[in-house]
Amino acid sequence: MFYTIDILGTIAFAISGVLVAMGKKMDLFGILIIAFVTAVGGGTLRDLLIGNTPVFWMEDMTYSYIIIASSVFAIVFRNKINYLRTSLFLFDTIGIGLYTVVGIEKGINAELHPIICVALGTMSACFGGVIRDILCNEIPVIFRKEIYATACILGGVTYFLLSELPIEDNIVFVVAGVVVITTRLLAVKFKIALPTIYRE
Amino acid sequence: MFYTIDILGTIAFAISGVLVAMGKKMDLFGILIIAFVTAVGGGTLRDLLIGNTPVFWMEDMTYSYIIIASSVFAIVFRNKINYLRTSLFLFDTIGIGLYTVVGIEKGINAELHPIICVALGTMSACFGGVIRDILCNEIPVIFRKEIYATACILGGVTYFLLSELPIEDNIVFVVAGVVVITTRLLAVKFKIALPTIYRE
Amino acid sequence: MFYTIDILGTIAFAISGVLVAMGKKMDLFGILIIAFVTAVGGGTLRDLLIGNTPVFWMEDMTYSYIIIASSVFAIVFRNKINYLRTSLFLFDTIGIGLYTVVGIEKGINAELHPIICVALGTMSACFGGVIRDILCNEIPVIFRKEIYATACILGGVTYFLLSELPIEDNIVFVVAGVVVITTRLLAVKFKIALPTIYRE
């Protein structure tokens, strides 16, 4: 079940990488790299910071296969992919929900402080997109206008609040993920964004 | 004592991150991330390259608290922060002095060659700013016009020259740090910069 | 023998870094860092992802000495370096051939899947240039128009195909490297590039 969600998230992230890379007129190799980095970049950074090496996608080939297949699909159907926009948005949103909670649990296993665990969860979910934007020479979009990281942080806080209560671990896991997903969906539906801040 | 300096340096680095991020009209989350990266990025790279994981700020929450508090302060008083410019410059300069020497000592503990230790020290002090500039889509400022890294390198060389002599470790530590600080202060006061080099 | 090629590759990579950095009007320190990153960045990323720390250039000073000497040479003779263009191109091409195969063998030693090993080899050969371009605020050139990574991937596939046959390890090593080198030379000679892909 979690594995299925993980795969859906990976598909959505890889395709978002392909779309951004095509917008920059990259060649086939560039597109594949951007797809890969978008899909696994956040988890890779998490694993490096904890010291969990070789990093996760080196030891489970499923990620590589999914990313390559999704990229080929997105390239072939590039002029029709708009029809899938809603599905991709949903996959992506469900993906960040899962990645956030998985990142938190990796932090807990490494016996890190709750705040650091929430940071790791957010990083797992968001930094693939950050690295994608840096490689494409853009200021990362999540630093500017999306309730994306904020959703992950809220989910992370929920996780630790609930785990203080006598609730089963699986339920905590699911509820925290659902908080991430719901926050993001509501923010997009009602066009809520964090304020940008600048000096007068 | 060293801990106090470390905290002053962290404050100065975090605030410099906030100021750059506000200049790019980032949102609250983006600003916090840039503050964080500027403050701990150099030491994180150092720890990753040596293999010292989980990296330092994951195991000592002081850094996270200081960075969050400094960022909130800088955001709230963003239109008045110019009054603190001199203090911040001093904290920053003292901070790089300390970070350089701490980085060198981590290299020595990992039994690395003196040149590599100096590189690690310089990296600890300077790469937070480099990562900040990359995330903000700028060519890193220290590659272009500041005597910043050069001060760290001079301090590092001093460290190894002095440690050949029969001098106590603590004194070597302090003198090397002071060389970094003095070089940077003099360079700024007399507007000394490295030459830029280009082809005719 | 392999060591000589490694040194020639390091020289070519460092000088390519110097040339790009001078094009951006960087100062002396910036130029040295870019030279360093171009020369060792790919292998550093490889070592970090596998968990092979301290990373390779921290434990063998040859790399640092070669990079510093090559950079000084390139800076001093910056207005005459065009005469060496062909030699540098050859060194660079031979370098990526070697780095690809070395990267693959590190992956095999870490007992990783062949596809991951090919990815590690390609990364070792190509990501120095990617990090160079990011630090110089450019979209990495290999994502846009060079048969560079593709040559590495072909060499990697050759490596694994040949190692299925009853052929000596050394010969597999050399043939795979030669495939990388030949592919790149032919691609440049006949101006072959991967297609760029974009949406209508």
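Numbers run from 1 along the shown chain.
Just so you know, glycine gets a Cβ as well, placed from its N, Cα and C.
TrEMBL has this to say about the protein:
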type	residues	note
DOMAIN	C:4-78	domain 'Glycine transporter'
DOMAIN	C:90-163	domain 'Glycine transporter'
TRANSMEM	C:6-22	transmembrane segment
TRANSMEM	C:29-49	transmembrane segment
TRANSMEM	C:61-77	transmembrane segment
TRANSMEM	C:89-106	transmembrane segment
TRANSMEM	C:112-135	transmembrane segment
TRANSMEM	C:147-165	transmembrane segment
TRANSMEM	C:171-190	transmembrane segment
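Confidence in the domain 'Glycine transporter' (C:90-163), given as mean pLDDT, stands at 86. Outside the transmembrane segment (C:112-135), and at least 6 residues removed from its termini, the chain residues within Cβ reach (under 8 Å) are 13, 16-17, 20, 33-34, 37-43, 45-46, 49-50, 95-97, 99-104, 106, 141-143, 148-149, 152-153, 155-157, 159-160, 180.
Within its own chain, the transmembrane segment (C:171-190) has Cβ neighbours under 8 Å at 89, 93-94, 96-98, 100-101, 104-105, 125, 146-148, 150-152, 154-156, 158-159, 162-163, counting only residues six or more beyond its boundaries. Sequence-distant neighbours of the transmembrane segment (C:89-106) (same chain, 6+ residues past either end, Cβ-Cβ under 8 Å): 2, 5-6, 8-13, 16, 42-43, 46-47, 50, 52, 117-118, 120-126, 148, 151-152, 155-156, 159, 173, 176-178, 180-181, 184-185, 188. Across the range of the domain 'Glycine transporter' (C:90-163), the DSSP-based residue counts are 60 helix, 0 strand, 14 coil.
DSSP states for the domain 'Glycine transporter' (C:4-78), grouped as helix (H, G, I), strand (E, B) and coil, give 62 helix, 1 strand, 12 coil.
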